[in-house]
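Here is the structure we will look at, set down as C-alpha cells.
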Amino acid sequence: MANRKLEKMASIDVHLRQLVPGKVSEDDKLVEYDALLLDRFLDILQDLHGEDLRETVQELYEHSAEYEGKHEPKKLEELGSVLTSLDPGDSIVIAKAFSHMLNLANLAEEVQIAYRRRIKKLKKGDFVDESSATTESDLEETFKKLVGDLNKSPEEIFDALKNQTVDLVLTAHPTQSVRRSLLQKHGRIRDCLAQLYAKDITPDDKQELDEALQREIQAAFRTDEIKRTPPTPQDEMRAGMSYFHETIWKGVPKFLRRVDTALKNIGIEERVPYNAPLIQFSSWMGGDRDGNPRVTPEVTRDVCLLARMMAATMYFNQIEDLMFEMSMWRCNDELRARADEVHANSRKDAAKHYIEFWKSIPTTEPYRVILGDVRDKLYHTRERAHQLLSNGHSDVPVEATFINLEQFLEPLELCYRSLCSCGDRPIADGSLLDFLRQVSTFGLSLVRLDIRQESDRHTDVLDAITTHLDIGSYREWSEERRQEWLLSELSGKRPLFGSDLPKTEEIADVLDTFHVIAELPADSFGAYIISMATAPSDVLAVELLQRECRVKQPLRVVPLFEKLADLEAAPAAVARLFSVDWYKNRINGKQEVMIGYSDSGKDAGRLSAAWQLYKAQEELVKVAKEYGVKLTMFHGRGGTVGRGGGPTHLAILSQPPDTINGSLRVTVQGEVIEQSFGEEHLCFRTLQRFTAATLEHGMRPPISPKPEWRALLDEMAVVATEEYRSVVFQEPRFVEYFRLATPELEYGRMNIGSRPSKRKPSGGIESLRAIPWIFAWTQTRFHLPVWLGFGSAIRHVIEKDVRNLHMLQDMYQHWPFFRVTIDLIEMVFAKGDPGIAALYDKLLVSEELWPFGEKLRANFEETKKLILQTAGHKDLLEGDPYLKQRLRLRDSYITTLNVCQAYTLKRIRDPSYHVTLRPHISKEIAESSKPAKELIELNPTSEYAPGLEDTLILTMKGIAAGLQNTG
C-alpha cells in the first residue's frame, strides 16, 4: 500500500503522543503500538472509502480530543453536528471505524502488557483493570512470600496445594459482545504486532508481517460486527467449548508443569500428583434455565453429549502422539501380562481406519499395545456420542466405550507405574504425565454441567403432586408442614406419582430435566443450583424430585442467595437445613452455597451489597463449623464492577478469613472468558492467578476487621441503601428517566445472549436483569449503580464525627476488603464522564426531568470527591500512571461513539428530528451505483430510518470494547 503521509493525517499520532502522562517509563511502547495499528487502519480506510472519509474520522477524533482537554459541552455539539450530517451508509462506516479503532487500541495494550511483563519492570500488586493487570499473583512470588515472610515450610505449601481446588464455571452470560469471527482475527493481529517488535526480526520477516497485519486489520474491518440472529444455548455452548480447543486443553498440563518447577525451586522434589484436583472446569451453558425458556431438557442433553464427543475427539487426536513416544520394550510383569492379553484378543484388521499404527502392533512394543486398546475405546466413545447426538440412538455397544473415569485412567496408570519401576521415570514424567493430568482434569465429560432452576418452578411441581394426591396445596403449606411432608417422603420408598400426573408444559419441563440427569452418565453434571432459594424446603424439594426421577447418583444441591434480604437470612436458612438429620447424613460433611453479586447490587447498591456479601460469608462459615460441615463458597461474579467484577487475585485476597479454605468456585462470565482464556498466555496467567491467590488466602488469611470498622460500615451501609433505594425504587419518575436517558430499551437488539433481558415482560427495575441494568448506565458513562449511595454514606459519617474520616483512611490502608471496594469505585469514576451523560439528557430526556439528571450529576461529583478523600488521593488513579494513560488514550474514541449514539437514539426516538445531510463522502458508496445500499441492506427488517439501528448497535459494541465492560 502506498505509504501516503498526508499532512493532515499526522495529527492523530500527535494527539496520541500529547496524551502520555510524563510519569510513564521508557519501556512503554503502547503509543508506538497504537500509532502503528492506527496508521495501518487509516490507510486501509482511505483505500476502501476514500480520502474524505479518512479526513472525517480525523476531524471527529480532533473534536473529541479537544473536548477531553477542557470538557466544554460546546465541543460535543460540534461533534454532533458533524455526525448528524452523515448519510446512513457513511454513518455506519464511521461508527464501525471508531469501534474498530478501540478494538485495535485494546490489542496494542495487551501486547504492551506482555512486553512489560517480559522485561520484568512490573510493580507487584498495583490496582488496575483485570485485563491489563499488572496485578499479579505469580506462583514463584507467592511461594517465596510464604516461605520467606511467613516461615511456612515448603512441605506445608506442597500439602496445601495438593489439597486445594479451584473450579472455574464458564457461563454464557449475554455480555460477550464481540463475535467469535472477530476474536480470532484480533488474536492474529496481536501475534503480528508482537512479532514485529521482536529483537531478532529480519527485513523480509518484517515486510511479510506488515502485510499480514494489514490483511488481518482489513479482514476484521470487513467482517459484520453485528450478530443478525440471537444465539441459541447450543451456540453459546459451542462458543464456550472453543476455548478448550484453542487454549485450555493444552494450557492445563503446561501450567501444572510450571507448578512443578516452582515447587522444585523451593526444594520440593516431588511433582504435583496427576490426580490432585488443582483446577477444574464446569459450565452453565445449556444447564442454566433460570429465566431462559430456550434452555430445554433436549438442549441440556445435546450439550452434554456434545461435550463428551469433544473430549473423546481431543484425547483421540493426542493418543497417537503418545503411542509414538511409548516405543520402549522394557516393562514390568503386570504390563507384560496385560499387553499379551490385549494382543491375543485383538482382530488383525481392526485398525485399518487409523492413519498411524494401522497394522497389528507387535508384543515387543507392549506400551503401544496397551495404548492401541485405549485408542480403540476412545474411537468408539467418540462414535457413540456422535450417533446419540445426531439421531438419538447408537449401534456402538456400551462395553466398547469408556464408561467411567477409573476405566480410562487404569491402563494409563499401568503404563506410568511400569515405566517408573523399570527406571524410566523421566519418560513417564513426559507426555504420559501431561495426558494423565488432562484425563484427571477434564474426565470423559470435558466439563461438568451445572443445572440452575428457580425455586418457584419446583414448588409448582410439588403443588401439582400434592393436589393430585388430594392431600392439599403444597404452595399454601407453612415451611414446617412442607419439611415434614418432604422428609416423610424421602424416608419412605413408595413412588410419589405415576404417568397419570396432570402436567402443564412448565411442570413437564422441570420433570424432563430430572429425567435427562438420570439418563446421562453421572460425571456429566456438577451441581443443581436453586436460584431465589430462601428455606430448607427449597433444597429438600430438589432432593425428592431427584429420587422420584430415579437419578442414581444425585447431584449436590446448592442454594443461591442473591437479594440483600436473602443474603441476610442465608446463615439462618443454612443452619435450619443442617439441623435436619436426614439432610446432614446425606451430604457427607460437605456443602456448597452460592452467593450472587449482580442482583444484590441492583437491589441495594454496591456498598451495601459488598458488605452484606462479606458478612454473609463470615456467618455461613461459622454455621458450617458449628455443624462440622466443610463449606465451599461459589461466587457468582460478573465482569463489571457493578456485578462483582474486578481483578481476580485482589477479589480473592479481600474475601473474609476462613471462607476459602483451599476450595473455591467462581463463575467466569461472558466477555471475561475471552479476557481469561482467549490466548495461551492469558490462559496460563488466569490459572496461575486463581491458584496462587487461593493458596495465599488459605495460608496467609487477610485480617479480620476491627469492631469499630464494622460498626462504621454497618452504619454507612444503611445510609447507602436508603439513598440508593430512594432514587431507584421510590422516586416515582426514575424508571421514566432511566428509559429515556440510556439505551436500555434498545439493548435487546444487540443479539448478545440467548436469555431475554427481563425476567417478566412487563414490570419496572425489579424485573430487569442485572446485566442490561448495568449495561445501560455503562453506555452513557454514568455508571450510576456502582457509585450511588457511597457519597451520602461517607458524608453522613464524617458530618457525624470528623474523626471518622481518619478511621476511613485507616480502613483503606489496612483492610484489603475495604481498599478493593474503594479502588474499584475510583477506577469506575476514571472511566465515567458526567458531561457525556448530560448530553444524553439534553437530547433524549423531557425537559421537566432535567433537574433530576442535574441532581444526579452533582451527586456523582460529590461522591468522587469523597472517594478520593477516603483513599487519600488528590487525583483519580494517581497511584497508577499506566492505567491512567491507557484510559486517556481511549477516551477520544469513546467520546465520538457516545455522541454518535446519543444523536442516533434521538433520531430513532423522534423521527421528526431535523438533520441536514451532506452528500456521500465514502468513495465506495459515492462511486457505487447502489449508494449506501450494501451496508444498509445487511439489516432489511429494521423498523427505523435506514442505517440508524446498525449505527446504534455499532456504537454500543464500540463503547463496550472501549470501557472493557458490557454488563
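For all residues, glycine too, the Cβ spot is worked out from N, Cα and C.
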Annotated residue, phosphoserine, per Swiss-Prot; candidates Ser11, Ser283, Ser431, Ser846:
Ser11
For the feature phosphoserine in Swiss-Prot, which residue out of Ser153, Ser704 does the record point to?
Ser704
If you count other C-beta atoms within 10 angstroms, which of the recorded positions Lys602, Ser704 is the most crowded?
Lys602
To the nearest whole angstrom, what is the C-alpha distance linking Lys602 (active site) and Ser704 (phosphoserine)?
27
